[in-house]
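Listed in TrEMBL for this protein:
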- 1-12: compositional bias 'Basic and acidic residues' (COMPBIAS)
- 14-153: domain 'Alpha-D-phosphohexomutase alpha/beta/alpha' (DOMAIN)
- 185-286: domain 'Alpha-D-phosphohexomutase alpha/beta/alpha' (DOMAIN)
- 295-406: domain 'Alpha-D-phosphohexomutase alpha/beta/alpha' (DOMAIN)
- 1-22: region 'Disordered' (REGION)
Amino acid sequence: MDIQIKETRPIDGQKPGTSGLRKKTRTFMEPHFLENYVQATFDGIGGIAGKTLILGGDGRFFNAQAIQVILRMACANGAARMVVGQNGVLSTPAASNLIRQRGADGGLILSASHNPGGIDADFGLKYNGPNGGPASEGVTDKIFERTKSIDSYKIVETQDADLSTLGESKMGDMVIEIVDPVTDYAALMETLIDFDAIRKMIAGGFRIRFDAMHAVTGPYAKEILENRLGAPEGSVVNGVPSEDFGGGHPDPNPIWAKELMDVMYGDNAPDFGAASDGDGDRNMIVGPNSYVTPSDSLALLASKAHLAPGYSKGLAGVARSMPTSGAVDLVAKAQGIECFETPTGWKFFGNLLDAGRVTLCGEESAGTGSDHVREKDGLWAVLLWLNILAASGKSVADLMGEMWGEFGRCYYSRHDYEDVDAAAANGLMDALRGQLDDLKGQSFGPLTVQMADEFAYDDPIDGSHSARQGLRILFEGGSRIVFRLSGTGTVGATIRVYLERLETDPALLTLEPAAALADIIAAADQIAGLKQRTGRDGPDVIT
Ligand code: VG1
Ligand code: CO
């Protein structure tokens, strides 16, 4: 096969963020943009000659085209085998599972996750290592370094591979194996979750509504919830994936999954509602009239996971990202297990999971997962919830009420200021960083600052150090504000403000979060000058 060496030059802005490289789709489609990044990835991981890689994406616009380019480059770079989801589709957790199950050398996942899709929206690409998890910072740094010096890439000229027919074919010496995206993932779920118990609950009239948001989980949810667990057809809605997610924003939160929220807060609501994001790694859980915050969901799953067969021996430990609420810490303390606080992004959980120190982990941004893969996993969280509901016979609201009664309730909210001028956002963070040392002892309304710092993380397994992971302000009594800049956006800067307060008074466990957090919200503005520096009246998105 004719291997071509194409000349190229470094392209600015190919630094991977929280979860791989995310850019406007049109940027990814510019000459050499994708090719440069793919070659830099191959070079950054020490070449792919003789290796087996998993390849698939969330099916958004440009997915199939990009897969063809990656296959031709993988062939030119000497890969032995590429295992590709049928039609180029794999959910992120399913890709992670395949890497592990096949003992592959790694994988490439094409996704911009919860960001909208389409030619005028977003695209993304990331590399996951042999453990199935997102590349560590050490590896992404190498990839980024390579993007700055790259002068050529390798590609073969050949016709497009057939991505639709299951089975093996060849491109030069490289084997291309097309696999069903759902089969292995569904089989894995059956080993962890009590499908019989859920089937019985559903047969008894328990109603589910799963909103796939026109994204990748549609076929997974239909197979598992409808075909295997017997939920009536139509329990999965928006279940046909589309290249632009039906023109929507495949982000499972009360704002973007409003359709589901309206049903769950309406008359005759189903017993359980859930949604997932573009690439299937996030989840939203909502009972009739009771939305569960992701931080609370993590805590609930940690407290009841033993009800599912895959976790019947209990948990080794748990981990949460720093901005995630402390609810799970309280559960871990009660169980006498370790609880780790990591920077934002799933890559930081990998070492702890690999070392067997934690079984469950999660983030406030609707990501929950366990050691069954090395990504967060939306449908898995939904199934674990269903298992817990079936085994306990309780409702979502009952479970949450009991948990708050036992540990107190961590009122929690995240305020996002999106597409802020980058200089203004950096100015805000720099000014705040400069003030941190002086904040201690200062009062803002009824709140007095106990401690303020910039979060840094020393990985307890490999000792690597990650600096500048968010500014946090702790108040006496345990309330907290965290400020950080998003690392997944594609335009301007997004400032995230995370607000949290633990309430233990039994009479005050059912307040509106906005009311419960009012003093903290006011303090955040006073301390950081959010309104003044962003020129906004308030956040663009509150979750
Ligand atoms: C966001 C979330 C973070 C999550 C990341 C990837 O990152 O806050 O918790 O791990 O997205 O999730 P950031 O840097 O924008 O805050 V996904 O589902 O987009 O892969
Ligand atoms: Co995602």
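Residue positions begin at 1 at the first shown residue.
Cβ atoms are placed via backbone N, Cα and C, with glycine included.
Along the domain 'Alpha-D-phosphohexomutase alpha/beta/alpha' (295-406), the predicted structure has mean pLDDT 98. Helix, strand and coil counts under DSSP for the compositional bias 'Basic and acidic residues' (1-12) come to 0 helix, 5 strand, 7 coil.
Each residue of the domain 'Alpha-D-phosphohexomutase alpha/beta/alpha' (295-406) gets a DSSP state, and the totals for helix, strand and coil are 60 helix, 18 strand, 34 coil.
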